[in-house]
Amino acid sequence: MNKKALKTLEFDKIIDKLKDLANTPLGKELCTDLLPCTDLSEIKHNLTETSDALSMIFKKGPLSFSGVRDVRSSLMRLDVGSVLSIEEILSISSLLNVTLRVKSFTRKENLGNSVHNEEEEYTATNSLTGYFDALEPLSNINNEIKHCIISQEEIADDASTALRQIRKNIKNTNNKVHDQLNSIVNSSRTMLQDALITMRNGRYCLPVKAEYRSSFKGMIHDQSTTGSTLFIEPMAIVKLNNELRELSLKEQDEIERILAELSNLIGEHLEELKINLEVLTKLDFIFAKASLSRQMRGSLPDFNEEGIIDIKKGRHPLIDPKKAVPIDIRLGEEFDLLMITGPNTGGKTVSLKTVGLFTLMGQAGLHIPAFDHSRLSVFEEVFADIGDEQSIEQSLSTFSSHMKNEIRIIENANNRSLCLFDELGAGTDPVEGAALAMAILTHLHTIGAKTIATTHYSELKLYALSTPGVENACCEFDVETLRPTYRLLIGIPGKSNAFAISSKLGLPDYIIEDAKARIDSDSQSFEDIIADLESSRVTIEKEQAEIAVYKAEIEELKKKLTIKNEKIDAAKEKILREANEKAREILQEAKDFADESIRKYNKWSKQSNLQKDMEEERAALRNKLNKTDSKLVQKTKTNKKNRPQDFKPGESVHVISLNVNGTVGSVPNSKGEVYVQMGILRSLINIHDLELIDEPDTVTPKFSKTGSGKIKMSKSLSVSPELNIIGKTVDEGIAIMDKYLDDAYLSHIPQVTIIHGRGTGALRNAVQQHLKKLSYIKSYRIGGFGEGDHGVTIVEFK
């Protein structure tokens, strides 16, 4: 990619922004060296890395790489066996600290993998996984460094046993020296300038007055500026000072030995350290790109190799986001050459630079400040002839300077080039300039280069209108406010607006009219057409804006209606659910009452003197069922609309609310009620609670009154001693079993078998739980050997 275009399109300023976001010296170097790439797969890989880093930042916050220093020279010294200084070893430790911190950053980062253990740790599964996996914190080495080195100036006493002993001896010797000196100070106070102990050339001395030089025994090491004070080492402590010197040398030797050991230990893992440094530098660079994307609200562009550009709401990254006006611009599908016209300072050059800079940023692996799924193409070269490049040194005019650029572009451009021209053909005679501009653009269009040019020339507007594959565009200008809106409008040529602007600024009308008269009729007609188009466009945009408002209001109403319907449906479901629950309660109450009544019937059938009690109980039962029927009819409605003429005496029906079958015993009355015979019970039921069935499934017990006044219930031979409910749901099975048990009990069958199968045991458990609630059941048990084992339940009636 040519450096001239990088400079012209201000790619270097993007790099400066990127460098500011990197934490490490080497990361900043990578930012400085960043250039656009021309390989599509590499571009997509680099962009994916930026996206994955941005995703991690959004999930866990920024990742800091502070603490990674440039230790390349130290690693080179280790490679040849040199001993590192304390500062160098601490830099290695700092590198390992950051390595551990960065490695830990991904332990609970969930980027697609599911939880793989109880601690809910996650593993990053994206383009950065390899980087994080390659890091080796070398905790044992780092711990050893921290154990031995306290700071850049101090090695820990515990770094070695020998060092601890040497420093202990130094401390003891120092104490002896101070004791001795304090004694001398007390005894020779008149000879001393001050009662203090000082150091000269690494040895303890006392400040002695010059006149006592011969009286004070010792070695002179220094004197004051005036010569009045001599710094003398008393002879009494010379030996102790010598011991301190020897101990100090031993301490230094031991420190050197410790540093050599640490250097050897670090050197054994030289390759891991090199990889750590390289990976952390790369990650710092990648996360700087992600931070830049976050800062400018960037998005991942979709790249292609077909020369297609489609930028949606793009904002120039170097303009204040609060002031930048987003633009939509496209190139490469319907047309390969875009001609942008309009007034000065209207945003033409910014639009041009935005396309060029977005292309460079995208090919460098950077996100662009535009809407998602904006499209960019890979170009081998981006050429830009923008701005006034007049050169005084080369004695080149503006026109000549631009022409040199244009010649270079013509010589090097091909069908994989993006060419950007600002005011092509300007700086010379308008007729000749327009002709040259058309010739240059025609050449680039012919060879397939993708080109965007800005111009004021009407000839180029006509060229765009009449040439296939070439399109006009303009930067919108508000004549009322005399200000550009900076919106780019594709498909419409721009109007100069010179007359309108001059009139608004106060130029007399007669001068404006005179100027209009001097324009040839064809040019004026063309400008009038453009004005009409602009007026139509504004009107259409206003209407579209109104339509958009109406559509939004309709969508909001639809949303509210949907929510309202959902609430109504939920309320209906709740009402039906509560009604069903209430119906079950009423039905269970009626069944319990019926069970109790049947027990009394069985008891009374054996006693002739209880006929009156039985009739009273039967009347009470009929009254109870009538009330139950009345309640259930209010709670439950069938989907089918029943008609009175459908029900005739003798018809078999199913009573929905009671879940039993019976026979119609009368024609419907005025209330739509018929008598239904259900076994021994006869009740008045509303026809809306009935369903016609083909044959009666229930067994209707027959009663005969004996001569002795006893009620005798005949047994039905049609009730089977077994009921198979395998394959039924719990609710279906319980309903069928309920009906069957009623029939079997009324038929005086002493014992029945419920076949439910083994399965999961859910149906068996439900059967046995329900049997507990039935008052006429004497006992139940799991089947024994030969009876069906756990697949059946044996039920015995009272």
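From the backbone N, Cα and C atoms, a Cβ is placed for every residue, glycine too.
Because TrEMBL annotations are produced automatically, they should be read as predictions rather than curated entries.
Feature annotation (TrEMBL): of 156-183, 380-407, 520-547, the stretch labelled coiled coil is 156-183.
Counting other C-beta atoms within 10 Å of each candidate's C-beta, the binding-site residues Gly342, Gly347 are led by Gly342. Packing around Lys348 (ATP binding site) is summarised by its Cβ count: 27 other Cβ atoms lie within 10 angstroms of its Cβ, all protein chains included. For Thr349 (ATP binding site), the count of additional Cβ atoms within 10 Å of its Cβ stands at 18 [all protein chains shown].
In the predicted model, the coiled coil (156-183) shows an average pLDDT of 91.
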